[in-house]
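Novice: First the structure, which I've put down as structure tokens, then a few questions once you've had a look.
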């Protein structure tokens with residue numbers, strides 16, 4: 001009881017607890033705002049050195065082109081907008097200049113994205129303005145580079161220089177103006193090998209990329225020809241789809257002659273009478289002009305299809321497997337052939353272009369449209385979907401038709417068309433006398449057997465390495481004996497013994513009487529061969545039959 005009283009007295013002595021806070025306590029200070037550094041002022045981009053070098057993609061300039069237009073610039077210098085895109089005409093130029101000669105679309109542009117001005121330096125300015133006065137004229141008289149009179153070999157401060165040529169003994173270089181005069185006589189095979197072999201492993205080359213043969217590459221090729229007779233051009237990307245087009249433009253614009261081509265590498269010969277001093281000199285483009293606006297490649301209802309049919313083909317193409325995957329900066333020389341072969345088995349073809357720039361696979365689709373030809377359906381998911389069109393025709397001849405009879409004896413036949421690959425195999429087999437093409441289909445068993453036996457003799461005669469002579473008359477046998485014949489081989493004693501053995505079997509004579517009928521003379525035919533009697537496998541079978549008959 002005492003313990004309880006003590007505990008109660010202890011709890012009763014505690015001060016009372018007031019839940020309300022006292023008003024005299026100061027409030028807590030708020031969280032201080034962090035001090036951040038002041039924001040940096042965005043620095044404006046430096047102004048371009050030339051107003052014409054502005055970034056044209058940010059421009060909203062749009063000028064429609066309704067017909068061929070010639071816009072004069074400075075005097076005789078003008079900009080031409082026509083079927084070949086945007087070109088530039090300068091006085092005294094051998095042809096109209098373009099940014100890209102090989103990759104310009106063959107479609108008339110709809111509009112231009114920038115004002116028509118020339119990307120070349122003005123003729124009134126002898127040099128580009130640098131903000132400083134021009135340097136004083138040098139006192140040294142530096143001679144111009146002349147291929148006909150190069151510096152002596154081993155001279156210090158002079159790079160390797162190759163003389164004009166090659167020339168036969170007794171001939172020397174001659175000044176030429178036209179392309180034929182500069183090229184000279186056609187190169188011989190050994191001369192081509194002599195020029196190409198050292199360039200195969202050399203990394204001194206001109207790289208041709210997605211823009212194809214550009215205008216400034218012409219001067220670059222001549223700078224390579226300054227010291228070498230052959231210029232190596234390595235092509236990669238979209239231009240390799242049509243290498244014939246690239247090679248044609250290289251020869252037309254730069255001159256020279258392509259003497260060797262493998263894959264995307266081209267070896268360009270400058271000519272026997274080439275002189276760097278008298279080369280054609282073209283002005284250099286200072287910037288890349290803006291590409292004009294062209295018609296859309298993908299249409300809602302392509303030619304020969306309605307919108308519903310095109311949508312159905314696009315939906316079907318989503319589950320279609322691509323025939324190949326194109327790598328970036330690859331060589332696509334076999335792409336056109338692969339697409340044509342794929343159209344032999346399917347009316348839709350898909351090409352996987354993941355990783356490529358959108359402009360690359362769009363250019364690629366435009367090239368396939370002209371080269372295959374085909375109809376473009378979509379570029380969705382970085383894949384090119386194309387349709388072969390209604391006017392498509394097979395590359396191969398009409399496949400042979402094989403007719404087989406049904407098992408229900410209805411008299412109807414099943415028509416089976418062979419694939420193009422199987423057709424090519426059959427064609428090569430027929431040309432090499434390993435297969436026979438029957439023109440008559442309704443042949444009986446006996447007639448078909450005669451055809452097969454006749455073809456076996458022909459195929460064996462063409463397949464054997466040693467000459468085989470097949471004769472079917474006694475005159476041929478006598479002729480073979482007179483020429484050096486095999487009479488001694490068949491008139492020996494062993495041969496006579498074999499004949500006696502056959503005559504002694506009188507019991508089975510009736511079974512072999514039909515071998516002596518005159519109606520079956522082909523069994524008496526003699527085949528002249530190098531095999532000795534008794535060495536063939538059939539001889540061992542005859543010996544076994546003899547033993548069975550004696551038993």
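Cβ coordinates are placed from backbone N, Cα and C, and glycine is handled just like the others.
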Novice: Can you dig out which of the ranges 11-55, 56-100 TrEMBL describes as region 'Disordered'?
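Specialist: When 11-55, 56-100 are checked in TrEMBL, region 'Disordered' belongs to 11-55.
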Novice: Across the domain 'CRM' (185-281), what does the pLDDT come to on average, as a whole number?
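Specialist: Here the mean pLDDT over the domain 'CRM' (185-281) amounts to 93.
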Novice: Is it possible to list how many residues within the domain 'CRM' (185-281) are helical, extended or coil according to DSSP?
Specialist: 42 helix, 22 strand, 33 coil
Novice: Treating G and I as helix alongside H, and B as strand alongside E, what does DSSP give for the domain 'CRM' (303-399) in helix, strand and coil?
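Specialist: Residue counts in helix, strand and coil order: 38 helix, 16 strand, 43 coil.
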